[in-house]
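Structure, as structure tokens:
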Amino acid sequence: MPLPVALQTRLAKRGILKHLEPEPEEEIIAEDYDDDPVDYEATRLEGLPPSWYKVFDPSCGLPYYWNVDTDLVSWLSPHDPNSVVTKSAKKLRSSNADAEEKLDRSHEKSDRGHEKSDRGHEKSDRSHEKSERNHEKSDRDRERGYDKVDRERERDRDRDRGYDKVDREESKERRHHRREELAPYPKSKKAASRKDEELDPMDPSSYSDAPRGTWSTGLPKRNEAKTGADTTAAGPLFQQRPYPSPGAVLRANAEASRTKQQD
């Protein structure tokens with residue numbers, strides 16, 4: 001095990017140790033535990049304002065300037081008039097994400113408020129519909145009551161009319177019987193016989209066996225089809241044709257042709 005360097009030096013001064021072992025060189029490995037390594041030498045040489053440091057961006061390998069107090073950054077030196085001091089992209093993304101999340105929460109809250117108001121409106125609409133149905137039901141019940149009363153009144157009036165009609169018929173029959181009892185002689189049927197005797201000489205019933213017709217006999221009926229046929233040929237207004245029928249003419253012609261052939 002080698003002796004410490006300080007002990008070797010003392011022993012060498014006393015002459016006890018003649019050979020000094022060289023101090024082993026230790027390999028110094030500089031480890032950077034910071035994501036944004038600061039270049040202190042460049043910061044000192046450029047004479048940056050207080051709280052400003054030059055830092056290398058490991059993602060792109062370019063330096064930028066960082067204010068540790070305000071947490072603002074700039075690609076150019078703060079002494080450069082063209083420098084633009086802003087927040088870092090990471091900070092902007094996080095702030096934008098927070099703003100968007102906050103906006104989404106506000107939208108969700110407003111949507112919930114709208115849904116709540118809509119539910120309130122639906123509830124009020126249902127209550128209005130229920131009240132309207134109740135009013136309609138009460139109106140229908142009231143109308144049924146009125147209809148029932150009206151029907152009873154009409155029934156009573158019909159009953160009264162029936163009683164009045166029966167009374168009138170009974171009184172009419174009583175007057176008729178009273179007249180027959182008071183008449184000294186029976187009614188003559190002179191008017192009826194006169195009506196039967198009056199007969200129009202042009203009426204077919206006056207000179208044929210056709211039955212006597214009325215004033216509407218022979219007139220076209222409303223529900224009778226207009227076929228063009230002579231409906232009076234077999235009706236009550238039948239008159240003898242002054243000429244033979246077409247069928248009789250054809251039969252006579254056929255008979256004449258047969259007689260000629262036989263001759």
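Glycine too: its Cβ is placed from the backbone N, Cα and C atoms.
The annotation domain 'WW' is assigned in Swiss-Prot to 46-80. Under the heading phosphoserine, Swiss-Prot lists Ser94, Ser245, citing similarity to another entry as support. Look at Swiss-Prot and you will find 94-263 tagged as region 'Disordered', backed by similarity to another entry. If you look up Swiss-Prot, you'll see 104-138 marked as region '5 X 7 AA approximate tandem repeats of D-R-[SG]-H-D-K-S'. Taken from Swiss-Prot, the feature region '3 X 2 AA tandem repeats of [DE]-R' covers 139-144. The region '6 X 2 AA tandem repeats of [DE]-R' annotation in Swiss-Prot covers 150-161. Feature annotation from Swiss-Prot assigns region 'Important for interaction with TXNL4A' to 243-253; the stated evidence is similarity to another entry. The repeat '1-3' annotation in Swiss-Prot covers 118-124. Annotated repeat '1-4' per Swiss-Prot: 125-131, in sequence order. Residues or ranges marked as repeat '1-5' in Swiss-Prot: 132-138.
In terms of DSSP secondary structure, the region '3 X 2 AA tandem repeats of [DE]-R' (139-144) contains 6 helix, 0 strand, 0 coil. Look at Ser94 (phosphoserine): DSSP puts it in a helix.
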